[in-house]
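Annotated features, as they stand in TrEMBL:
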{"type": "BINDING", "residues": "48, 49, 50, 107, 136, 137", "note": "L-glutamine binding site"}
{"type": "ACT_SITE", "residues": "80", "note": "active site, nucleophile"}
{"type": "ACT_SITE", "residues": "172", "note": "active site, charge relay system"}
{"type": "ACT_SITE", "residues": "174", "note": "active site, charge relay system"}
Ligand code: GLN
C-alpha cells in the first residue's frame, strides 16, 4: 500500500482525497502537522491561494521539515497554488514559500477569476488519451533551469513540468472525474521512489 498525503491547510484538499480514493493500493492521508510527514510516500500540494497556504505552512510549523523532506527526495506534486509554493522564483514578488524547484512562475497569469477556463489536451508524457484541464486564476511557468523537464505547454505557456522528485501543474485534475494525472504522479514519482 502506498501512503499518499494531501497537504491539508487550505484549498482543494477533499477533491484530491476523492481522486486518490479511486486508485487501487493507495491510501490517501491528510497532512497538517510535522508528524503526518513521517508515514507518507508522496505528497500533493493542492490548489487554493498560495499566500494563505504559505502563511499556514509557517503557522502549523511544518514548512522547514517539509522543505527538507522534498530536498531529500519526497515525491511531491503541486497543483496551481501548489506550483507557486514550490517555485524558487515568483514573478513580481519578493516572497517565496518552499522554494525547492528551479522555476519562475507568474501568478494569475491568465487574468481574473472570470478568465478561468477548461480545455482538453493531449499530454503524451502523461497519457495517450486527452485530459480535461481546468485553469482557475492559474499561474504558468515563465522560466525553467536546464534540469527542469517541460511536460506540457498551451499557447506557448508552460503548464506542467518536472524536476527530479517534483512535479507541477498549472491546472486542477482533482476538479474533474479524470484520474489520469493522479495515476501518472503515483506511477512515475511515488512508486519509483519506493522501489
Ligand atoms: N491564484 C492563486 C494564487 O496565486 C492560485 C489559484 C489556484 O490554486 N487555483 O495563489
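Backbone N, Cα and C define each Cβ position, glycine as well.
In TrEMBL, annotation is done automatically, which means it is predicted and not curated.
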### Euclidean distance between Cα atoms of residue 172 (active site, charge relay system) and the residue listed as 'active site, nucleophile', Å
7
### Distance from residue 172 (active site, charge relay system) back to residue 50 (L-glutamine binding site), taken between C-alpha atoms, in Å
14
### Query
Between residue 174 (active site, charge relay system) and residue 48 (L-glutamine binding site), what C-alpha distance do you get in Å?
12
### Summary
According to DSSP, residue 136 (L-glutamine binding site) sits in coil
### Task
Report the recorded positions (49, 50, 174) that meet this criterion: Cβ distance to the nearest atom of ligand 1 under 6 Å. Use sequence order and write none if nothing qualifies.
49, 50
### Summary
In all the protein chains shown, the tally of other Cβ atoms within 10 Å of the Cβ of residue 136 (L-glutamine binding site) is 19
### Summary
Here the 10 Å Cβ neighbour count for residue 174 (active site, charge relay system) comes out at 26
